[in-house]
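Below is one structure, written out as structure tokens; comments come after it.
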């Protein structure tokens, strides 16, 4: 009976440990490309993958197939491995994911990284209509044209967090944007492509300027201050005078407070002296001669 109970207890502990290990979830790693996800043909690029500090092995998958694996050189808080690509080509452009191992557990796959090779086709042209300088609330359309027929175009705003906008077309497509706000300000380029990961040369940049239509006076005032040195000097002098006046007020406040505290100390000393004298007088009166 005792042996049976012991066996059941061991089995229960084993099952609980196994279930606990299976239900443990590792956070998915972070994947990114350096210097960018768009790499000109023939240029090098690194794919970086970062997991938890306890990660001991990483695997890189390209289009769903295992491509490479390695262990971190210096495990720790910045547990990052690098998978270098010496030269971007059509064969290395595509979608990448990575996973890592900690102990006996493997993490879920990272978010996809779409690595793009550029400079594969002719250069498109980009224009914006009705004009590149608009007010907030207006609508604009970017037109990307490529003389060599293609089947896809991408519009990209320069910036680290920007995402390319795809649109299907033959020789020209329009990218409507709006109503615009100041967040749409920036420099745009477009690309032609035959698939998601092989793009043309970039177009010449087009800069979109968006002004706040709700407060033109503020824009006029700021522009005037920036362009008129005399007005700028006058503003600086006023700020200096205000700073000096504030400093004088602080000093006066300090002196007044110190004088008030000094008077309080003198009055307290006088009261203590008078009280001491009255106490001695009473003692002399009570004491027999």
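Glycine is no exception: its Cβ is also placed from the backbone N, Cα and C atoms.
Unlike curated entries, TrEMBL annotations are predicted automatically.
Summarising the annotation, TrEMBL assigns signal peptide to 1-20.
If you look up TrEMBL, you'll see 34-118 (among others) marked as domain 'Immunoglobulin'.
Marked as domain 'Immunoglobulin' by TrEMBL: 129-211 (among others). Averaged over the domain 'Immunoglobulin' (129-211), the predicted model has a pLDDT of 90.
Here TrEMBL flags 239-261 as transmembrane segment. If you look at the transmembrane segment (239-261), there are no same-chain residues 6 or more away from its ends with a CB under 8 A from one of its CBs.
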- Task: Kindly report the helix/strand/coil residue split of the domain 'Immunoglobulin' (129-211) according to DSSP, in that order.
- Result: 3 helix, 44 strand, 36 coil
